[in-house]
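Participant: Structure incoming, see below.
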Amino acid sequence: MLELLVEKFFLAFLQEVVLEEGTIAFKNWVKTGTEVYRQFWIFDVQNPQEVAVNSSKIKLMQRGPYTYRVRYLAKENITHDSENHTVSFVQPHGAIFEPSLSVGTENDTFTVLNLAVAAAAHLYENPFVQVVLNSLIKKSKSSMFQTRTLKELLWGYKDPFLSLVPYPVPTTVGVFYPYNNTVDGVYQVFTGKDNISKVAIINTYKGKKNLSYWSGYCDMVNGTDAASFPPFVEKTRVLQFFSSDICRSVYAVFGADVNLKGIPVYRFVLPSKAFASPLQNPDNHCFCTEKIVSKNCTLYGVLNIAKCKDGRPVYISLPHFLHASPEILESFEGLNPNEEEHSTYLDVEPITGFTLQFAKRLQVNILVKPSRKIEALKSLKRNYIVPILWLNETGTIGDEKAKMFRKQVTGKISLLGLVEMVLLSVGVVMFVAFMISYCACRAKKVK
């Protein structure tokens with residue numbers, strides 16, 4: 001009886017985690033029922049003139065959070081392939097500012113690195129071209145640093161220097177430009193219909209972001225999108241997931257048991273080895289794409305994603321350069337990395353594989369190098385990997401959803417366990433009673 005009950009429950013459960021019309025998993029996959037927020041902290045440069053003239057340490061003051069609601073749009077262009085058991089889609093982007101969750105407005109201003117000037121020296125290394133660019137930089141009255149509003153910095157502004165370039169170049173610059181009204185994908189993921197261990201795992205990714213510059217297996221898209229994983233997660237499993245923000249797949253390992261609103265979950269954390277140098281983690285050898293800035297691939301804690309960003313010198317790290325080479329932090333004052341505030345984690349319910357809470361934390365940095373021909377950068381005596389901002393994207397299952405989850409999943413699992421224990425206890429009692437009766441009968445026969 002117990003075996004039939006357990007079998008019936010798990011058959012019904014497995015049907016609900018498949019990504020097809022009508023299942024609980026599909027409904028939550030198309031559009032998350034959890035509110036997701038992306039918080040930004042901007043690094044305000046306190047001594048811009050001192051840095052530009054004397055190549056001093058950059059003094060940073062973190063300001064934030066400035067909060068936006070994201071991931072509120074449903075997936076689009078959903079197409080099922082019943083033969084291959086896959087479903088393809090694109091993920092629309094949108095961000096809504098949340099004043100009540102922010103320390104200021106989108107019009108707050110910050111002194112930050114001039115993104116266009118820093119990129120120009122990196123993209124155009126020819127001395128003659130740099131002389132021409134220098135004249136345009138001076139004519140536009142641009143310098144190494146600039147003052148921008150939060151809205152301009154994040155979502156884009158028309159750059160005065162680039163507007164003077166006499167040949168066609170993009171003139172709008174922003175850390176996340178373009179974002180609103182764009183899509184990520186096309187993704188194709190397995191539905192799990194034929195093999196539940198493959199559910200939600202990405203089969204192909206054909207986005208606008210170029211991954212082909214990674215060599216070897218580094219250009220592979222591994223794992224899921226981190227919203228869910230194949231069910232029956234064990235603590236020994238390494239959870240792989242793809243992030244288009246950093247143009248690569250990463251992984252998380254078990255960190256701790258957590259009770260989330262009455263639901264037992266496993267917390268998986270992004271380990272320091274994920275952004276380690278090839279010397280520390282040989283698996284990362286194909287993520288080192290240049291030898292000079294990386295000091296022959298010995299720097300760790302930063303990832304050069306320039307070729308994924310149309311050549312712009314963008315480096316990704318954990319906030320405040322957590323787990324990064326100490327020499328990177330030596331160029332700055334005001335950074336204080338710590339695990340609790342700056343690490344990335346996923347809280348995964350082990351039976352279903354659903355991620356019920358997460359915190360994705362990343363820092364966006366821009367490389368700026370000395371340039372003999374560009375006066376704004378001429379006085380620099382070293383390379384800087386300059387922090388622009390860091391973000392914390394979070395989502396937690398709501399109280400009502402948690403209540404429903406406890407009732408439909410956790411409660412039934414606990415009930416099955418209780419029934420199993422009761423039946424086992426009854427079985428033991430009956431066995432003991434039988435043995436006592438048997439022994440009593442044998443004793444009577446001997447007499």
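The backbone N, Cα and C atoms fix where each Cβ goes, glycine too.
According to TrEMBL, the protein has these features:
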| type | residues | note |
| --- | --- | --- |
| DISULFID | CYS218-CYS286 | disulfide bond |
| DISULFID | CYS247-CYS308 | disulfide bond |
| DISULFID | CYS288-CYS297 | disulfide bond |
| TRANSMEM | 413-441 | transmembrane segment |
| SITE | TYR438 | site 'Critical for TLR4-TLR6 dimerization and signaling' |
| CROSSLNK | LYS444 | ubiquitin cross-link |
| CROSSLNK | LYS447 | ubiquitin cross-link |
Participant: Tell me the Cβ neighbour count for CYS308 (disulfide bond), meaning other Cβ atoms within 10 Å of its Cβ, over all protein chains shown.
Facilitator: 22
Participant: Taking just the CA atoms, what is the gap between CYS308 (disulfide bond) and CYS297 (disulfide bond) in Å?
Facilitator: 19
Participant: Whole-number answer please: how many Å between the C-alpha atoms of CYS297 (disulfide bond) and CYS247 (disulfide bond)?
Facilitator: 19
Participant: Please work out the number of neighbouring Cβ atoms within 10 Å of the Cβ of CYS297 (disulfide bond), leaving out its own Cβ.
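Facilitator: A 10 Å sphere around the Cβ of CYS297 (disulfide bond) contains 16 other Cβ atoms.
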Participant: Measuring Cα to Cα, how far is CYS286 (disulfide bond) from CYS247 (disulfide bond) in Å?
Facilitator: 13
Participant: To the nearest whole angstrom, what is the C-alpha distance linking CYS247 (disulfide bond) and CYS288 (disulfide bond)?
Facilitator: 14
